[in-house]
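K.L.:
Below is a structure I'd like to ask you about.
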Amino acid sequence: MMTFSLSFNGTEHRRPSRLGRVLEDRLPYLIVAPAILVLLLVGLFPLIYSLIVSFQRITMTDNDTSFAGLLNYAELFRDTRLWASLGHTAIITAIALPLELLIGFLMAQLFIDRMPGRQLFVALLVLPTVISPIVAGATWRLLFDVRFGPIGEILSFFAGEPIRILWTVNPAYVYPAIIICEVWQWSPFMFLLLLAALSNVDQSQLEAAEIDGASYLRVLRAIILPAIAPVIAVACLIRGLDLVRIFDIIWALTEGGPGSMTETISLYTYVQGFSQFETSYTAAISFLVIALLTLITTLVLKRMEIAR
Amino acid sequence: MKFRTLLGVAAILALTGVSAPAADKDAADIAVEAAKKYAGTTISIVWEAGLQSLDPLNYSGPKWEKLTGIKVKVVEVPTDQMFTKIMQDFKSGAGAYDALNVIPSWMPDLARAGALEPLDKYVDKFGYRDELQDIAAAYRDNQMQYDGKIFGFPDDGDVMLLYYRKDIFEDPKMKEGFKAKFGYELAPPKDWKQLDDIGQFITDKMAPKVYGAGFFRTAPYPQYMFQERFRMEGGKFFNADTMKSTVNSDVGLKVFKQMLAENKFMPPGVEQWNFVDNLAAFLQGTTAMTISWPPYGRWAAGYGSGEEALKWVPKSQVAGKVGYALTPLGRPELGVGFDLSVSATSKNKEAAYLFIQWLNSKKTSLERVQLPYTLRDPFRLSHYASEKYRALWPDAPAYLDTIKTSGEKGLLDLSLLQQDKYDEAMTKAISSLWAGEDPKTILDRMAQQFDAITEKVGIENQKAVYKVWAAKPGAYPQ
């Protein structure tokens, strides 16, 4: 640490100079300042710029760039398709997230004990997460295909009669199709995190509970879940945010259809920005989403007490 | 006297000899000669990504460079991003693109924004006006101008054709059975009721080996079928005085119900069919009728089957068995198309213009529409009449004659300010139709969406554009 103190005759210590003290106090800030400056430039500038754009009248098909005040934000409240897309996003998140957590946890429980070939099985199970979501969506579209898809064949085999389900057209099946694909791809992610968390649960406590004759559910509630709760919270937060931004899988499977029935907020934002060229309005939608996500994330972090 | 006569004849011959090449010079030669002064420069052209781009990449680009010394940089852009890229380049003033491929229904937006260079002065300077008359009227009168100025050269004879299996339609047993049941001859359907009769009859007799018909049903294709049928049944998109949408009229409802009912005699899962699904089914012989753009006809005949670029096209099982006809009610949708334009921000406008004149000229375009891999369809009277083209496969004359007639009668795609938004509303509506939602509810919602778009664009602005569009010969059946 920089002191600027000098010693005379080995007995007298002079106090650091004023400049020295200031530098000493501010040194950590000075060290991180360039990094913060870069972060502000690359992170904050686009955000501020798009905030400005959201108050303008920019569309790709017009030369008008005048100030629009809160017009775009007022439009958000009248836009029923926007609120419907938020609803669709919420439905997918509310169903897929618990399923992924549950399946991930069950898989982790199965693989917690060491067994021959465990590493290979784990690597195979994790494969779906390394596939690009658009490829996963396209693959499942083929699997669901009414003519070539094996799913129809398998169902027909068990039913004993031809079963032809239009998974991506029939409103009754389109959400299940999306959720099956989503859960297939991302449950292994939960599995990996929870497997790591379960591996770190205090074995002595588990052994003591076993000696005491505690039931599995009791052990789960009293020892395992409290021990892995922070990991579950972080996993849910990461996957939850990902699910709110879900785009690729739905684009490949349904393109938001039939009609706008599976259009999520990301798809709607894309359509507004890049298909309908409503640049300023798209910026306003983005800020609505940022506001909603910030609110939800803060509440979740507070509730789960992991911010500390 | 004889000597003077001889001199006179010699003089005439000499003059004729000198002037003959000048008189023979067509628009392609003129463009090449004029472009030579730009040798060494590079021009960029926006082109639809994929197969279409093989034209400038493999054929016309290298040929133009050889003729003029001008390099052509091809900017491949997916169709759904072409408008955005063109507008972005224009708005930024970057001038990254010189020549453009433009979908004609975008022209009101692009021309009003100032993104396209008016071409009239170049057309006159480089003597192209006469050759433009060779472009079939459907494209020339509908897709070339906005507000009285030329902004693009129609370069692709897109039009919907009905393809049918001649072997099934001419089978004596089928003919006899059909006539006995319906009281009229089995032949390409003249209206949608006949299409239903024929489609159901063939499905009943031949499914699952062959179904009566198969159509593409996924976005964006069915909206073109809706636009055609809606107008042919007497529908109007808007009330011209108020600009209120009238798509939810009884006509709209009738068309929607008909379209939905047809799925019953088509192969299972037809609701999910895209361009390739439909193509594969027809080429493999599992559907007896379909409606699509001209490439289906060429590929069904096996034309270009040896091309590396066409390996993805299923091998035709129906070569020699396919007949061509007008779509039911006889006024097919032109469906998309492409224009060649010059970017208003280009730094090489004249060189870009000369390139598109050469591409679009009678001589060069005839070669381009015969390239098996590039999806450019015949669009000039000289293309339809070309002996070379008519000799490409045994049924090519019938194919070209049907394209010509279809083009002459073709209906223009709706083309308004911010047309993409209306297109999207139609696409979503049709997708809801396949999902089983009530047709009337869908149509009412579509009309509301149309009205909301019109209101946002500005009713008076849109009314003016609609008036221009509706006055075109291909807008509404006269």
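One is the number of the first residue shown, and numbering goes on along the chain from there.
Glycine residues also receive a Cβ, built from the backbone N, Cα and C atoms like all the rest.
Note that the structure is a prediction, hence the values are computed from the model and not measured.
Annotations for this protein, taken from TrEMBL, read as follows:
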{"type": "DOMAIN", "residues": "A:86-301", "note": "domain 'ABC transmembrane type-1'"}
{"type": "TRANSMEM", "residues": "A:27-52", "note": "transmembrane segment"}
{"type": "TRANSMEM", "residues": "A:82-108", "note": "transmembrane segment"}
{"type": "TRANSMEM", "residues": "A:120-140", "note": "transmembrane segment"}
{"type": "TRANSMEM", "residues": "A:173-198", "note": "transmembrane segment"}
{"type": "TRANSMEM", "residues": "A:219-241", "note": "transmembrane segment"}
{"type": "TRANSMEM", "residues": "A:281-301", "note": "transmembrane segment"}
K.L.:
At a C-beta cut-off of under 8 Å, are there same-chain residues at least 6 beyond the transmembrane segment (A:82-108) that contact it? List them, or none.
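P.N.:
Residues packing against the transmembrane segment (A:82-108) from afar: 76, 125, 175, 178-179, 182-183, 186-195, 197-198, 232, 235-236, 239-240, 243-244, 246, 260-268, 285, 288, 292.
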K.L.:
Which listed stretch (A:27-52, A:173-198, A:219-241, A:281-301) has the most C-beta pairs under 8 A with the transmembrane segment (A:120-140)?
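P.N.:
If we count Cβ pairs closer than 8 Å to the transmembrane segment (A:120-140), A:173-198 scores highest.
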K.L.:
Most CB pairs under 8 Å with the transmembrane segment (A:219-241): which of A:27-52, A:173-198, A:281-301?
P.N.:
A:173-198
